[in-house]
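These features come from TrEMBL:
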| type | residues | note |
| --- | --- | --- |
| ACT_SITE | B:Lys171 | active site |
| DOMAIN | B:3-162 | domain '6-phosphogluconate dehydrogenase NADP-binding' |
| DOMAIN | B:165-285 | domain '3-hydroxyisobutyrate dehydrogenase-like NAD-binding' |
2 protein chains.
Amino acid sequence: MKTIGFIGLGVMGKSMARNLLRAGYSLVVYTRTKEKAEDLLAEGAVWKETVKDVAQVADVVMTMVGEPHDVEHIYFGDDGILKHVKRGAYLIDFTTSKPSLAVRIYEEAKKKGMFALDAPVSGGDIGAREGTLSIMVGGDKEAFSACMPLFSHIGKNIVWQGKAGAGQHTKMCNQIAIATNMIGVCEALVYAEKAGLDPERVLQSISQGAASSWSLSYLAPRMLAGDFAPGFYVKHFIKDMGIALAEAETLGLSLPGLKLAKQLYEALAERGEEQSGTQALYKWYKEW
Amino acid sequence: MKTIGFIGLGVMGKSMARNLLRAGYSLVVYTRTKEKAEDLLAEGAVWKETVKDVAQVADVVMTMVGEPHDVEHIYFGDDGILKHVKRGAYLIDFTTSKPSLAVRIYEEAKKKGMFALDAPVSGGDIGAREGTLSIMVGGDKEAFSACMPLFSHIGKNIVWQGKAGAGQHTKMCNQIAIATNMIGVCEALVYAEKAGLDPERVLQSISQGAASSWSLSYLAPRMLAGDFAPGFYVKHFIKDMGIALAEAETLGLSLPGLKLAKQLYEALAERGEEQSGTQALYKWYKEW
């Protein structure tokens, strides 16, 4: 695994790529806006003009892009990864995307003698920077094991979840748990304020017991401080919930909590909060 | 504060009373079913035949009963606490009950020269046994300070939340946050199972990151093990959510997440799960 190709250098992707570069791997990169790559290039990464150019020289291709249709395009397009990558290469998609698309990539890769893994992550910008992401991996176990040394520079809690698509499905479980909990966190806070309590003091009581959660500890204080800067974008969360609900329907599952969360977040987006952090859900309760 | 009267010796109350007894306080007790008191009596507590008998001899009266109407009865009844307790006594209600009832008790107590605190707790049977409960206190701050030595034998995270009723309101915030989160925990697990994942392995991935919560760490494994024994009863949870929703309506608040949670739990109760632990919500998704 000499050369790693990394496609998609947003907030998450760039930090992940940097950790690999610093671990000593040779890195070729492509992202839509070249300026975003410049500091990485200064650290020794090599720029390529297209996805195809990356694919042709890489032993491992990693992708971290926005939406499933971006994933589809860079894997299946005429100038895409699957047409141009070397036989025996490993393809790792870190994007949170559709399980069914992960399966399609896996099957097409297999036909052509490559190994594909879906490996969505959790832990946000800080986790990406510090190399402490949770990585949820689907695909062949042998391929997972072969890529473990790479994952170990990017994350801490790295779990093989099963066959192709299992990584994406696991990420959906993660998003489902978060979505409904965010409703409870907001409702607890607005209740506290309306009841005339001091919400910070309420957090002192409730954030250590049975109501405790990551969102209550880390996002509730931001809500109270009026800090709605994105750690994780509302627009991406809506995308994820849309995927999860579509999958749930396919599986014959009714998820009323997730459905409610998606409705609330859509109402939030309609009011211009697409680019805010997910903690902006609090505004839906406070301002409208 | 020589003699403490303790009324209500259920799973929680008995452990709390025992911790005070072991700390060296003189304890008189009453509970509806005398057998429940027997081991405490063997340890040195003194039995009284009625609430009135407890009230007459106690410097501090503590109550930990089931429902708001029980609270109302033992405080306001003809043989109740408020009619028979000594002037200058402290009255502490640990029951999760209505904020408005806490205010009524406080005002009536004040008129008669007593000090009332509402002090609902969180932390379950284990917290009560180990003296590590969270205690959320409403009432006069001086009374809170005076009772702090007593609280310190029962709990760990003891916070004065504000005037009378503020303890109950804070407990409502706690229940609101838990209720909606429970939906997310169940939905994440059923999704995992339906998608063909190994749910235990999914928990390995998601219970440490942004989706992490007490319920995901402690209740999700019980759901998967089919263990629906009560740590906290479905029937009591429904009572609490009912109080919270009624209060929210009074405050002019719409809490769609809490409303959904109450509906789901009521459907669960109708199917005979009233006496199960709150993690039985999982059955609603799995079995019906």
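Glycine too: its Cβ is placed from the backbone N, Cα and C atoms.
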Return the count of C-beta atoms lying within 10 angstroms of the C-beta of the residue listed as 'active site', excluding that atom itself.
31
Any idea what DSSP makes of the residue listed as 'active site', helix, strand or coil?
helix
Need one number: mean pLDDT over the domain '6-phosphogluconate dehydrogenase NADP-binding' (B:3-162).
97
